[in-house]
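Here the structure is laid out as structure tokens; the discussion comes afterwards.
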């Protein structure tokens with residue numbers, strides 16, 4: 001099925017603009033390794049134009065057009081964006097699948113979530129007005145105090161390639177709901193659908209400069225955005241290494257950041273489980289989105305009493321996963337996003353073998369696919385806690401396995417990581433699950449499942465998985481500042497100093 005990739009420019013101040021230096025980057029279909037189009041490559045010159053446009057959007061008509069407009073005004077645009085994306089779902093889902101390798105059914109699910117996220121933040125935008133001037137109870141009756149919530153200003157949003165449009169929406173929707181003006185810099189490996197978001201914003205008449213979208217390389221477009229003195233906040237999702245660099249750059253300007261970084265999340269399976277149900281959740285938790293999930297539960301911590309039976313069943317589930325072109329009906333595992341990622345994942349598997357681990361299944365290209373960046377679902381056993389495969393994020397369809405004999409041992413293994421994004425526990429004993437969830441050092445815990453995500457619930461991690469929370473009301477708070485306003489209401493003078501009239 002031939003899909004035409006739209007030829008787009010940068011989106012600045014409500015208009016399509018050629019990059020100042022006229023640079024472009026090829027789009028490579030990860031299923032075929034073919035160049036299927038190009039995206040514009042922004043540089044510091046384009047960042048400057050986008051920042052100027054964003055600041056104009058905030059100050060236009062003394063802020064009444066956007067930043068200080070009633071929340072219902074902003075909600076109207078967010079709902080229009082949600083509706084338009086819903087109308088274009090079949091087209092956008094196919095573009096997503098072709099661009100990043102995600103199976104079409106997953107991409108379609110993502111686009112539904114995109115629309116839902118814009119709708120959700122439209123509701124929160126409407127609710128903001130009622131929260132203004134919330135009174136504060138004070139111990140001194142001579143004073144009254146209230147709180148104002150105001151947009152933080154111009155925000156830079158840097159997003160990854162595994163959920164290109166959805167992860168962008170997680171940042172764009174709350175930022176716009178709060179009244180900020182935003183500059184979105186998606187990953188150069190998968191930017192196509194973010195440029196379609198720009199087209200949607202044009203169609204619905206979003207005020208110029210409220211959302212600007214700059215595609216391009218991290219060091220050419222992302223770095224100037226982070227270090228720009230007139231960008232008030234950076235929100236980033238991506239690798240821990242890049243997140244550390246962003247923190248360092250932002251610190252020079254004491255600029256706030258929120259970071260959602262890497263993970264090496266555990267899934268703990270006790271011996272009282274329904275083995276088929278637990279095996280499917282284990283596979284889904286690691287191989288969904290081709291294994292390219294920051295929260296992937298890629299460390300299976302398995303009770304020794306059921307280890308042999310469970311792994312045998314898990315292998316059968318994995319062999320039943322259809323690996324194919326993302327547009328092929330029934331595809332459940334597509335290619336990883338790029339040649340670079342493909343080589344990195346295979347190297348991680350080879351390193352595990354060289355360190356003494358055993359590849360129980362997978363570990364290579366599927367025999368029936370001669371082209372594309374495809375990797376079989378891979379299960380690795382005989383793992384020790386010092387091995388790289390146990391400690392470092394692979395970001396591919398690779399699951400490593402260790403067994404345990406006691407609950408305390410399982411918890412120790414689960415927390416044996418410098419990451420802390422997600423964790424899952426599977427057991428029929430719900431008291432144990434509750435107890436275990438409290439002991440897990442992670443920002444997200446799943447009980448008897450893995451990876452479900454809802455825009456109403458907070459998302460974010462601990463330790464080297466970053467800080468700050470996206471989604472829910474916490475996601476909106478990311479883009480708001482809190483201002484205290486205190487008024488002296490007594491008719492009496494303050495009386496601290498002696499009045500000159502009494503001298």
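Heads up, the Cβ atoms here are built off N, Cα and C, so glycines get one too.
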>> Looking at Na(+) binding as recorded in Swiss-Prot, which candidate out of 99, 112, 113, 129 goes with 28, 189?
In response: 99
>> If I go by Swiss-Prot, which of 141, 150, 393 binds NAD(+) at the same site as 238, 239, 240, 241, 242, 243, 244, 245, 294?
In response: 393
> With a radius of 8 angstroms around the mean position of the C-beta atoms of 28, 99, 189, what other residues of the same chain does the Na(+) site pick up?
Replying inline: 27, 29, 30, 100, 101, 161, 190, 191, 192, 337, 338
> At the Cα level, what's the spacing in Å between residue 242 (NAD(+) binding site) and residue 162 (site 'Transition state stabilizer'), rounded?
Replying inline: 16
> For residue 238 (NAD(+) binding site), what is the secondary structure state per DSSP, taken as helix, strand or coil?
Replying inline: coil
> In sequence order, which residues at least six apart in the same chain have a CB under 8 Å from the CB of residue 260 (active site, proton acceptor)?
Replying inline: 236, 237, 294, 421, 459, 460, 461, 465, 466, 468, 470
